[in-house]
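Student: Got these off Swiss-Prot a minute ago, pasting:
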DISULFID  Cys145-Cys150  disulfide bond
DISULFID  Cys163-Cys251  disulfide bond
DISULFID  Cys167-Cys253  disulfide bond
DISULFID  Cys232-Cys245  disulfide bond
DOMAIN    138-257  domain 'C-type lectin'
CARBOHYD  Asn86  N-linked glycosylation site
CARBOHYD  Asn103  N-linked glycosylation site
CARBOHYD  Asn123  N-linked glycosylation site
TOPO_DOM  1-44  topological domain 'Cytoplasmic'
TOPO_DOM  67-262  topological domain 'Extracellular'
Amino acid sequence: MSEQEVTYSMVRFHKSAGLQKQVRPEETKGPREAGYRRCSFHWKFIVIALGIFCFLLLVAVSVLAIKIFQYDQQKNCEEFLNHHNNCSNMQSDINLKDEMLKNKSIECDLLESLNRDQNRLYNKTKTVLDSLQHTGRGDKVYWFCYGMKCYYFVMDRKTWSGCKQACQSSSLSLLKIDDEDELKFLQLVVPSDSCWVGLSYDNKKKDWAWIDNRPSKLALNTGKYNIRDGGCMLLSKTRLDNGNCDQVFICICGKRLDKFPH
């Protein structure tokens, strides 16, 4: 075969309009994936932030609940202690009042018993004697002993100095009242008239003094006695009062039992 002509031809297929409009997936995949990643990052940040917020809120609520519980517990404890203290104080007051009432009841019983004994002893031992046995004169005396002391009531009226001499002539002295109990006892047994006792005003000392110049446990408000009314003391059923020493009244002499000769 001699020279032959080789003819080349190029075949070109034209794409249809539909195929031309199709976009390769690879061409759109990059932008979509980038947008999705950005959106996913934002949501993760929000979720983490919400989680932290919820955790902090839970912690705050827990702390608040604990504080409220502790406050309630402390308040209840304080109320209980206050109530307990109040109950203890009330019980102490009740016990104290019961003890005071018991003591007062005992004192009342003792006073009633003492009063009965005093009246019984006075009615039993009061005797009228002829004072010639004691003074060598015709004075009448009531006498009795009670406790550690004997009492002589010289019924013939005398001045305070006369009573002092009458008592001394019988180896006695005008009565010194030792305390409030003795005063109350004597007011039960003295005659209806007032009686001289051994208390007088000492012009040198400018004060009232007992006949033995010794103090007494009897508390006297001597400031109420006006010396102008008299400087000698009288005993009646109701009170001690001062009077004119030159007036005449019954005498009360006294002597302790341990002072009598054996």
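Cβ coordinates are placed from backbone N, Cα and C, and glycine is handled just like the others.
Because the structure is a prediction, the values reported are computed rather than measured.
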Student: Give, as a single whole number between 0 and 100, the mean pLDDT over the domain 'C-type lectin' (138-257).
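Tutor: 88, rounded to a whole number.
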Student: Rounded to a whole number, how many Å is the Cα of Cys251 (disulfide bond) away from the Cα of Cys150 (disulfide bond)?
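Tutor: Cα-Cα distance, Cys251 (disulfide bond) to Cys150 (disulfide bond): 14 Å.
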Student: Among all the protein chains here, how many other CB atoms are within 10 A of the CB of Cys145 (disulfide bond)?
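Tutor: By my count, 14.
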Student: Sort Cys150 (disulfide bond) into helix, strand or coil using the DSSP assignment.
Tutor: strand
Student: Of all the recorded positions given, namely Asn86, Cys145, Cys232, which is spatially nearest to Cys163 (disulfide bond) at the Cα level?
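Tutor: Spatially nearest to Cys163 (disulfide bond) by Cα position is Cys232.
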Student: May I have the DSSP-based helix, strand and coil counts for the residues of the domain 'C-type lectin' (138-257)?
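Tutor: Per DSSP, the residues of the domain 'C-type lectin' (138-257) fall into 27 helix, 47 strand, 46 coil.
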Student: Which one is closest to Cys150 (disulfide bond) in space, judged by CA to CA distance, out of the recorded positions Asn103, Cys167, Cys245, Cys253?
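Tutor: Closest recorded candidate to Cys150 (disulfide bond) by Cα: Cys253.
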Student: Same-chain residues six or more away whose CB lies under 8 A from the CB of Cys245 (disulfide bond)?
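Tutor: Counting only residues 6 or more apart in sequence, the Cβ neighbours of Cys245 (disulfide bond) under 8 Å are Thr159, Trp160, Ser161, Ser200, Gly230, Gly231, Cys232.
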Student: On a C-alpha basis, identify the one among Asn86, Asn103, Cys167, Cys253 that is nearest to Cys145 (disulfide bond); the candidates are the recorded positions.
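Tutor: Nearest listed residue in space: Cys253.
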